[in-house]
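As structure tokens, the structure follows; a few thoughts come after it.
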Amino acid sequence: MAAAATAAEGVPSRGPPGEVIHLNVGGKRFSTSRQTLTWIPDSFFSSLLSGRISTLKDETGAIFIDRDPTVFAPILNFLRTKELDPRGVHGSSLLHEAQFYGLTPLVRRLQLREELDRSSCGNVLFNGYLPPPVFPVKRRNRHSLVGPQQLGGRPAPVRRSNTMPPNLGNAGLLGRMLDEKTPPSPSGQPEEPGMVRLVCGHHNWIAVAYTQFLVCYRLKEASGWQLVFSSPRLDWPIERLALTARVHGGALGEHDKMVAAATGSEILLWALQAEGGGSEIGVFHLGVPVEALFFVGNQLIATSHTGRIGVWNAVTKHWQVQEVQPITSYDAAGSFLLLGCNNGSIYYVDVQKFPLRMKDNDLLVSELYRDPAEDGVTALSVYLTPKTSDSGNWIEIAYGTSSGGVRVIVQHPETVGSGPQLFQTFTVHRSPVTKIMLSEKHLISVCADNNHVRTWSVTRFRGMISTQPGSTPLASFKILALESADGHGGCSAGNDIGPYGERDDQQVFIQKVVPSASQLFVRLSSTGQRVCSVRSVDGSPTTAFTVLECEGSRRLGSRPRRYLLTGQANGSLAMWDLTTAMDGLGQAPAGGLTEQELMEQLEHCELAPPAPSAPSWGCLPSPSPRISLTSLHSASSNTSLSGHRGSPSPPQAEARRRGGGSFVERCQELVRSGPDLRRPPTPAPWPSSGLGTPLTPPKMKLNETSF
């Protein structure tokens, strides 16, 4: 169909401006003039018609361009009229094609349109930004330090790692800066050392884990978020992170805040001080890879799918490891810890009580319930109703199974001895249930089929779940979130979709569609409705996120606030106000100019690149460090605007008008200059480009702040 031809054989490098040029763009024919195609210098078409780019012609002699004809139509219309009519073409596609063709005026206009809703300062939900912390030094050695610790009245050795504070001598305490190659992650791929891997929060505290160290921030009412702790560099990537900021009944004195990190089978625990700093409590071993790490009250819990559970008690400072059935799920409420196992059993642990049997030193782990079909319990959620009597709470447990079933079991406080009773069963999933949440108003389940979500409305009577009329179906939707195959999209534990939020409040899912995305979507967990979307203010990919319920201020009328925390690939941390987003749910946005309105306004000006000349019209240059999209005027418009009908003014009078002499002298000079100077000056004639530009009225070159 098409035959290749050089510029010498095809279109002559020079020709009359009115010469008709025939184009074949993606199989669609266009005809226009050389003048229309070449009025923008150094563009694709100027190079093509000047012979600098070889041409390809079809059988009719038209120049063939292998691009999308639908997108080319508005581009050709812009070349003809200098007006932009997108004609239904998406802005990003139009910008991409304009950049390909080298149409600088159109590129600037489209970039300005994209900047309409984007800002380096975020939107109304943007609440704060924490820059990447300073990388800590690495210890030269990995020698362990042993310190005595009391257990049951006798000293017991507790292994301490190289992360002890530097007050134990000079051996190996100073190290090289971060110049060594980062060790590979468990997936075998190298990790970015400055990437945020995990984020977690508790009350007014935040813990952020990077590849080989972690930092903690504390929110102070007057000064905002303050860095209070930074760990030394570790030897291996951090895979799990846990934080507790309120320990009731602990015996740690001022160290009532703790942060824990797990790497492989090793767990490191630090005590944090409210005013800054921290000290290492110890290093504990589970013996198998840690797959879940969390606090229940003042107990640190670590679990593995192999069936091993480790518990550290803040009061007794005792680390205990117990073997149970292979663990596939867990949940905690109050002081209760529930473990779901692959044999269909649900085990119960009361971690608030002394967790040891005196005769054999085992944890008090008891079987609470067994699934009727003995399917593996792959998701767990426990809900404690408010106390209605002195006998205790009504315990409600929802769990999902490996076969896709969803069951609800309940236990009345007066029938504790008889065990929980099966209350309801749903078989709406055909894939294993991966998440489940039973809250005050909703039952939510998520299965492995691309995060397929099913929700039900829960009916309650006096706080307890009721069968009249029972749970009714509410919504079905998906939270599509693709995972990275090479491990570069962030740690999977740091990209949990949720649901997040208190069980007696609206809960949300956080959706990151692709691993390298810089935009997150916040959706109601009950209906899937979008609450808001946030985009990283610096354009870097989001690698970890979580939702934090922050305590309210002590000021009158304040209330707790909910924040979305996003960790970025460059190490920064951003905060977004979800409380404001939830309050504005359902309200129509009252914005400024729409994209179409902005394009209509831009038709009356011509955007130019930044120029080193001084600003005119009393406008000041933008203080933004990023390159401006526009210029106040070009070099061709440096002619004085104060002269009559474009003629230059006398140099003495011009100097006096620009600031020479006193105020009275300048006023007298204006009077002597004649009445014509008080009229608007006549602009200088529009300079001819010599290329025979299309017959369009001249357009002023303005700065983006001018409109």
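Heads up, the Cβ atoms here are built off N, Cα and C, so glycines get one too.
Given the structure is predicted, the values throughout are model-derived calculations rather than measurements.
It is 621-626, from the ranges 183-188, 621-626, 645-650, 657-662, that Swiss-Prot records as motif 'PXXXPR'. What Swiss-Prot records as phosphothreonine, among THR38, THR163, THR455, is residue THR163. Within the set 145-165, 523-543, the record from Swiss-Prot flags 145-165 under the feature region 'Disordered'. As a whole-number mean, the pLDDT of the repeat 'WD 1' (185-225) in this prediction is 83. Broken down with DSSP, the repeat 'WD 6' (421-466) shows 0 helix, 28 strand, 18 coil.
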